[in-house]
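What TrEMBL records for this protein:
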- 80-176: domain 'BRCT' (DOMAIN)
- 177-267: domain 'BRCT' (DOMAIN)
- 284-305: region 'Disordered' (REGION)
- 309-399: domain 'BRCT' (DOMAIN)
- 411-483: domain 'BRCT' (DOMAIN)
- 562-632: region 'Disordered' (REGION)
- 562-579: compositional bias 'Basic and acidic residues' (COMPBIAS)
- 603-625: compositional bias 'Polar residues' (COMPBIAS)
- 662-714: region 'Disordered' (REGION)
- 686-705: compositional bias 'Basic and acidic residues' (COMPBIAS)
- 827-952: domain 'BRCT' (DOMAIN)
Amino acid sequence: MAGDMAGECSLETNLPCANTPSSPTEAGLSGVETCGAKVCGIKSDSDATRRDARQEKVKKLIAWDISRQPGTRETMAAENEATLFKEVVFAIAPGDEEGGLAKAADLLESHGARRVSLAEDEQKASLDSLTHILSTNIDFPQYRETIDRGIQTVKPSWVHQCITRHKLVGTRQHSPDPSQYLQDIVVCFAGLPEADEDAIHAGVVALGGSYNAPLTRQVTHLVATDYNHEKCKGASAKLPSCKIVLPHWFDDCFKLGKKISEDPYLLPDPPYLRTSNLKPVPGDFPQLAGATAAQPRSSDAPSPSWARKGFTALKGRTIKLSSDLSLSPHLKETLSELLEHGGATVTEDLDEADLYIGRYRDAVDYVKASRDKKEVANLAWLYNVINNNRYTNPASKLLHYPVPRSGIPGFEKLRISVSNYVGDSRTYLENLITSLGAQFTRSMKQDNTHLVTAHTQSEKCEAAQEWNMNIVNHLWLEESYAKCALQSLTNPKYTTFPANTNLGEICGQVPLDMDRIEEVYFPKPKPVRTQVSPVKIKKPVAKESSPTKEVTSSRALEAIPVREKVPARENSPVKEKVPAKKKKVAAAAAPSDSDTAEDDPKQQPSKTPRSKAVSTPRQAETSASPIPLSSGRASKLHALNVMHKQAEDIALFQKEMKRKGGVLHGGRRQSIEESPGPATKKKRARSEGTSREGTADGIEGENKGKKAAKKAKIEPPVQQKLMVTGDDRWVDKPKEEEAAKSRLRMLGVQLTQDPRDVDVLVAPKILRTRKFVAALACAPLVVETSYLDNALERNQLTKNPPLLVDVASEQRLGFKLSEALQRAKANQRRLFRGWTIYVTEKVPGGFETYKEIITLNGGEAQLYQGKAGTTLSIRWTEADGDAPERENQEQEAGDEDRVYLVSGTSAPEKKICATFRATAEKQGLEARVVRNDWILNAAMSQRIIFDKKWGID
């Protein structure tokens, strides 16, 4: 019985009853021994009624005993319940109307907190007395100010946890700041190594989460690698809301700096560990709604419908619409009506406004509004706020803030393509790339610099790897834009692609770095320093001579001008930068009797920049004593006289430096240099060499026994660039070839091996060599070898040489050489302009041969190795934005949707051809696989035609 009664007592309430006796005697239970909640020593009584009465008295006694015990948890909770939040003064964030906030606010007030309501005429709260703001996000106007003031912004979960623990808990794990992206996580470990547990624990706590050692109902994520662990079994049986995840999920979250979906990492069968190459399914993108473009379309403009009569998101705000928005009068009037109907005011005076709406960051009003700490946003943000009747922070979305007019430095030369992003995320990235200043390309070509992809399971990614292209995720674009600087690709965050995860799900979560934007676009103006003119202090003139004297006058002496070709050596005249004055100094080689240089019309104005500080010019040493400098006109005239005396030496020195052999040493010089320094090996070699162009003067040797150097031969200017092909006269005869080159060079002919720049092509007949075919793109004069023979034998060039005649080859190849050269001249190396022609590696002649031929004719050659997933490029058309200005008239019509592969006929190449056809068919293109004869015929005849004999089945 005692055990039964004790069990009943454990279920009774702990609150005291109104009829509780003041002592055990009043309860009528004297002689009954009690011990806490357990009752002992009750005698057995067969009378059921009497027994029930005794049980009732025991219950009352237990309730009395508990209520009278001081310091129990229940009593303390009851006493503190009404004062738990007595130090809290809170407000609900404007525009946040979730039901959870209202319940949390009621709980705060019932536990002693004081609520501050919003002002009726504006959607702001007074921050003077606030300690907390209750919100589910940070999208309210005063969030940055709350951080500066130390006011805590918390979610309703903070209120519930404080009440549960009967004390105020920390707010960090209950902050709505998206940077704390693990704030809702309570983690527990099951069978992980201690080092892994410590690493994950530290990361979770740092990012707003918390840790529980035992498995309790508060745990949201159990981290394990073995599903058979006891904790995993307990969580799956009793905690259905707890997610059992691999530790790899935390690794990928930490790498990306974002919380990604747990689904691929969930035990017992995580897709993360599968080896399948299935493409991850893209998710929803609610964070991108209304934030996909910085400049909205005209169709996105809100209309003054009946549904907007309740618009109050900008109530009490004074708004300035910038002129750089380029709004039509009708649209501006419509927006003004909507805003004023919702309680806002539209003004033209920026000083009156507290909200500035603009398009670019270089506008004067933008800079002023930003420096005045006014709120700044763009038109896309305004449309979004009006359409949703909910205020958001413009800095939380990259494209809700004015854009840089010229993009971000470093992106101007980048060509970026996007793969595996769909819907709003793709539109968002396209507009973001444009705002960065890069070029967005819908189709990827080999000249693209970057591929932005959500995962790597796509054909574009395979092609980008084959082309050595940079493959990154969208975080590289977002953080470069947010930080106003091109981010380095060495950061692993930008090249992380978790398995079975589509990164499009975290698109649009990067906010702007406002500190960096302030530093770049509206830095605080530096205080203007008032420049005080230095006091001119005259110093006594030194009695002893010195190579350098201080100038005490603002009219400092200009240095002796010396030509720049004269090297600065010891004891040589030195050219110094000195303050430029209104008066000019005459050149040293042209002395003048006038007082100033202005009287000489031949004088050149000094190019020396004006210096603020007084400089100290150097004087060239002379045999005479140095003249001390002083201020005033007399010292300047004295200095000019010295310059005039040195003019002859300076002119002689400059003349000697021009000579090939160096400085003359025949007679004693009257300048500061008695003898030159020792000649270096480089100068000596140069003095002994000969020059091919120009005429060299005779020089005197250093020693009388040396012979004078020979004069270099005068080579005439190049009149022709000549290339020889199909002629073996110089094979294994390098000396004869060099001699022939020298003889031809004296005739104004330069031998070349470069087919890109040929005037005359010498060949015995029409050939299909690499040189001959490639050189025809330049429309050269094609002549027989007799032209070369005549030049070498008679030492003269044949005037108006005849064109090469080869009727047999013309009939065999199907074109006339004269007509082909006329077409080449008209094509201007643009025969294949706009074409991308694919060539196999084993094609007869080699890939490099056809690459040179195609490139010289304006096309692009791509090596094709049969890898699946290659994105094939089609021919440019006039409708394309990047098409050439003029198409070649000799190109075959109807080739816009065809792609060409030049291949051989070997068995491995046939397999490559089959892959090429399949790839083209997938992309909706028509594949033409041709022999090398097709490309050779096109380049030689300078027209593009197709014959079945060139095709490969």
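Quick reminder: no glycine exception, Cβ is built from N, Cα and C everywhere.
No curator has checked TrEMBL annotations; they are predicted automatically.
For the domain 'BRCT' (411-483), residue counts in helix, strand and coil come to 31 helix, 14 strand, 28 coil, using DSSP. Between the domain 'BRCT' (309-399) and the domain 'BRCT' (827-952), the number of CB pairs under 8 angstroms, six or more residues apart, is fewer than three, so the stretches are not in contact.
Residue counts for the domain 'BRCT' (309-399) under DSSP, helix first, then strand, then coil, are 39 helix, 14 strand, 38 coil. The stretch in closest packing with the domain 'BRCT' (411-483), judged by the count of Cβ pairs under 8 Å and taken from 80-176, 177-267, 827-952, is 827-952. Within the model, the domain 'BRCT' (309-399) shows a mean pLDDT value of 91, rounded to a whole number. The residues of the domain 'BRCT' (177-267), classed with DSSP into helix (H, G, I), strand (E, B) and coil, number 35 helix, 15 strand, 41 coil.
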